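Structure first, then comments.
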């Protein structure tokens, strides 16, 4: 790769070739380094790597800069300070080294790439003072261009004298010879490029951007174009956080040079008196000097993940095995991972270590932790992909630490993107099609979901997104792909990401009397794509409020002492990377248990008690499977055990069934009856006996008026479930003890009142409790169908007996009813 402005062979014999003595000395010393430097085993370290370069697809040798410093400090300093100048000579030294040992094609070029540079620079630190120096920079790839061939050294044919002019350097734009090399030919502009004899190399342009971690507060992230060549192409995808090793260079800004005004100026030259041009035609070069149309780009020779020891570019790396991950760790680090895997209290310790500054919300912590471990992605025989990533939505009142969860995950995960729903468009979340400034072709620019591929996408204010933007992520959440068909570009891109979303209730406060769907502004398809929903309600509780206040004050006053971590974040990252390599299988026992739990969820969904809960679908079954696999992964198990399924069911049950707990209206039937009476205009009322009027206060004593003003009797959902469970357990116990035992309604009421005898202090309270239990029994019988009144079939005795039977019927439990845990 001829990159430096190496001297061009002279145009004829009158121009001797200029030699660069410093670069030639570097070439000789670098060749000595390749031939003499030995590894820890005493063998020549780079000999085997160089022999692999004879394969057609290989042409780049990766050299450790630390080895170069160890071999010759002066050589390493010269290469670092004069990299762009000496780089072509280093490539020639490599070609000589390979040529001496193997037969290689004459026209094949070889390239050198450096890694393990001691210092890393930010994009913001790249100024003109670093032009030409060997530098390592880091950033996140946001746009990739397609790979195409680049002309690096052209062979031209003079159209006047047919002279062949070889090795004309191309300075990042199409460059013709200044003049024909034939001394008797004065041709300056009529040349033809011979593509068969010219040298081309693979060329790709990517755009990188500063990461959020290194961005100064309140600053807009800066971006830089990176040029990749040869083996470095296609080594970085949109969303990757990578280190690029190479040199900062100056190239002509072709996009500005190709504007209509610039093209017109290239043709306007000052002509002499005889019609000859007084200035030689130098094409765009002269214009570039005049207008200073140049820009900085980074020419990279090596690309590597920013943090390879923690999974590098992503949490999921399919090629890694447990053994390869172990080899990346030190002995002490591996012992720590092994110790964590044997921890009996690992589940709790990981939660507290990951979110040390958030008090309470243990269920949310567990759900987010399982999301980080993730399930096992699968592919069916027909090629259909089943996602393994877990999506979590946190819904809650303001100041319940929703955004803190998102921020913690964003900082912890090696590949996470944090965005706000209101400030994001559909293209910003998925992908945008933009026009390239130079080639004017359409290229794809990655959105948040693509940047978070194989990571976590944290979306705050999820409910504030426009409906059309919500629709854009339907496909990404379930199929984990993004399909684009616009501006002549048709592509299906990967978006294998877990989504952690935070949303506020519609009215600013979660209303327990309404369903989840009524509380948040999300469509049913989006809701069904979330595996876990967590509801955070800001309730007034003296004990909880004191604990939270104490925690916050401790954080402000003694931040170091108040943060108590069992494991450091680096320990958790290492353990997470190791545990994600496990692919647990579902055992037969666990399979039956999962089916049984899903049947319970479905039957409970259809019952009257939880009728307001959102629908339980097959997606919730898949959610249970993913959560079970995640639990097995966390404990480094190769098989999903029933205890893992039980915890997954508990979390799912917490987020689905307990999501809505409205108070139960025990006077519902009476209110409906009153509305019916009002609608009939008093037809069934007592018209013959008008209500007396109190003369002193002028108020009517009509019973119906009294009923209207009286508030309806309501019972908390948890209390209602407790009473119904007590009744069901008692009735079933009676059925088991005696074959023909059935309690009358009055006997059941008396039994309950006797059970709570210690809680009753007055006659008024006794009447109140009796009214409540009677209404609960009535609702369980006529609305929820938990209890069944025995019919009168076969008991047609005396009329007196039948009347008493209907007033006080026998009650039994519905055989299809499943008792809640």
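Start at 1 and count along the chain as shown; that gives each residue its number.
Note that Cβ sites are derived from N, Cα and C of the backbone, with glycine treated the same way.
Per Swiss-Prot, these features apply:
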BINDING   359, 399, 400, 401, 402, 403, 504  ATP binding site
BINDING   619, 622  ADP binding site
COMPBIAS  696-708  compositional bias 'Polar residues'
DOMAIN    346-553  domain 'MCM'
MOD_RES   1  N-acetylmethionine
MOD_RES   13  phosphoserine
MOD_RES   219  phosphoserine
MOD_RES   271  phosphoserine
MOD_RES   278  phosphothreonine
MOD_RES   643  N6-acetyllysine
MOD_RES   689  phosphoserine
MOD_RES   704  phosphoserine
MOD_RES   762  phosphoserine
MOD_RES   791  phosphothreonine
REGION    676-708  region 'Disordered'
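The average pLDDT the prediction assigns to the domain 'MCM' (346-553) is 82. Around the Cβ of residue 402 (ATP binding site), the number of neighbouring Cβ atoms within 10 Å comes to 26.
Among the recorded positions 219, 619, 622, 643, 762, no residue is found with its Cα located within 10 Å of the Cα of residue 402 (ATP binding site).
Mapped onto three states, the DSSP output places residue 504 (ATP binding site) in coil. The most crowded of the binding-site residues listed here (399, 403, 504) is 504, judged by how many other CB atoms sit within 10 Å of its own CB. Neighbour density for residue 359 (ATP binding site): within 10 A of its CB lie 17 other CB atoms from the protein chains shown. If you draw a 10 Å sphere around the CB of residue 762 (phosphoserine), it holds 8 other CB atoms from the protein chains shown. You'll find the Cα of residue 622 (ADP binding site) roughly 42 Å from the Cα of residue 219 (phosphoserine). Spacing of residue 403 (ATP binding site) relative to the residue listed as 'N6-acetyllysine' is 31 Å (Cα to Cα, whole number). The most densely surrounded of the recorded positions 219, 400 is 400 (count of other Cβ atoms within 10 A of its Cβ). Listed in sequence order, the residues of the same chain lying 6 or more apart from residue 619 (ADP binding site) and placing their CB within less than 8 Å of its CB are 528, 529.
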